[in-house]
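According to TrEMBL, the feature transmembrane segment maps to 6-25, 37-57, 72-89, 96-117, 129-147, 229-251, 271-299, 311-334, 340-360, 372-390. Taken from TrEMBL, the feature region 'Disordered' applies to 154-194. The compositional bias 'Basic and acidic residues' annotation in TrEMBL covers 158-175. Annotation comment: TrEMBL describes 178-187 as compositional bias 'Polar residues'.
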């Protein structure tokens, strides 16, 4: 029962914070490649990781730091997937790219949890695996519907403060509403909002938002440049990486439970055991992001595109918000398993993110869009119910 409580709490935390991540940097004019933003975001993530060291002690006050290679690998897996976001969006667009990597992510997470990885990670006990599989299929169908939604956004033109609403393509509008995964209302002509990372995937990758400045200068068709096959391939790779990001956590959790102790002490509570892993995961994200930014600086002859000063603190804060959501994701995975916890939190983040979009920012209007969104919403809710029923009681 304790594991279910921890897992359910994790799903709720991850759903809210990953689903609300776009609010922090919305409205800031970010560089087009997103690399500096990723570094600042990872700094905020590391700060949360450091703070968790002081909240994950044993009951007797033990503060020995867990610095697990499993966590470093898990963080690196997510960070590499995050680096792929910009080329994915440039080649296939947000609608197709987002639906592809999220769909693959769901399938991989469920399959790894239900089937396992040979002797490395045993499969999880599911009372009704067919219900879980059906739930994943419905979630993918919901993504397909959502990819066809074309939000109507109010875009003030340069030197003009009139609120003229126009219907944009899915790629452009969703990128716009990614003010960099977070929220504010800035009237920087076509840069009305930047950096929101939909579906919690910062999940997924906040850099998707920085491409908005390109999409504002071209039509929906022109904004998707390059090779669509390449974009789809990269989206598939990113989805696989995101689906595996919490697998090292499950492996570490199983190893510690088999050992029956930690630092020559009895195992702590389920909650404390899960939180001991956070620092390693977040350190892996920071170190990989730092390495990526260093390589980027070398490739640009030490002339990187930097986030403007006014957006630096929000960029760090966006990492803090994302890290809290990720912590919830790890609790969900530890308590409910990869096959149930991960798909549930992704569905929840989608619902929260979409609620911000339709209820607060009023970005989804028109009968067709509302019908598509409503259909996706119902499919996600049904999907979550089926996935929940799949878990062994």
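The backbone N, Cα and C atoms fix where each Cβ goes, and this holds for glycine too.
Keep in mind that TrEMBL annotations are predicted by a computer and have not been checked by a curator.
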Residue numbers, six or more beyond the limits of the transmembrane segment (311-334), whose CB comes under 8 Å of its CB atoms: 3, 6-21, 23-25, 28-30, 37, 40-49, 52, 180-182, 195, 197, 200, 202, 206, 246, 249-250, 253, 270-271, 273-275, 277-278, 281-282, 341-342, 344-345, 349
Stretch-level contact, the transmembrane segment (372-390) and the transmembrane segment (37-57), CB cutoff 8 A, at least 3 pairs: no
Top Cβ-contact partner of the transmembrane segment (96-117) among 6-25, 37-57, 72-89, 129-147, 271-299 (pairs under 8 Å): 129-147
Chain residues outside the transmembrane segment (37-57) and at least six past its termini with a C-beta under 8 angstroms from it: 25, 30-31, 63, 65-66, 79, 82-83, 180, 195, 202, 206-207, 210, 272, 275-276, 278-279, 281-283, 285-286, 289-290, 292-293, 307, 312, 315-324, 326-327
Distant-in-sequence neighbours of the transmembrane segment (129-147), which means Cβ under 8 A and at least six residues beyond its ends: 95-96, 98-99, 102-103, 106-107, 110, 114, 170, 339-340, 343, 346-347, 350, 354, 372-373, 375-377, 379-380, 382-387, 389-391
